[in-house]
């Protein structure tokens, strides 16, 4: 009888462990969160989705290359993914000038991504000029946060 109880306990333990095991099937299909250039999809879409620009500038500086490369890798690896690049400016300048500058910023990011092989059909652009400030204020601290392009998925 003692041997029977031990066998029953071992079988019960094995069954309990089997019930606690989990499948390796996640969104990436490999048991780990999928990353692109070291960034998770959530990080790319929510935390690292903004490129900032200097005053009256629309060139992409080196500090954004790694992030944009990660966005390009994500877009290239994800057939259904599309992004709208939103160009923005600070409040200085005429509304017409700022719309044009915001568009140049959006186009610069789009051009960078296209240069990394992203299909142009996955890339849209829009300029909001000064109409959608990230930070309200009339000083350089606010202006620097408003001169941006946002990748909106």
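Including glycine, each Cβ sits where the backbone N, Cα and C put it.
Among the features that Swiss-Prot reports, domain 'OmpA-like' is placed at 40-153, with the record citing sequence analysis.
The feature N-palmitoyl cysteine is assigned by Swiss-Prot to 20, with experimental evidence given as support.
Residues or ranges marked as S-diacylglycerol cysteine in Swiss-Prot (evidence: experimental evidence): 20.
Confidence for the region 'Peptidoglycan binding' (97-101), expressed as mean pLDDT, is 99. Positions annotated as region 'Peptidoglycan binding' by Swiss-Prot: 97-101.
What Swiss-Prot lists as signal peptide is 1-19.
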For the domain 'OmpA-like' (40-153), the number of residues DSSP places in helix, strand and coil: 53 helix, 22 strand, 39 coil
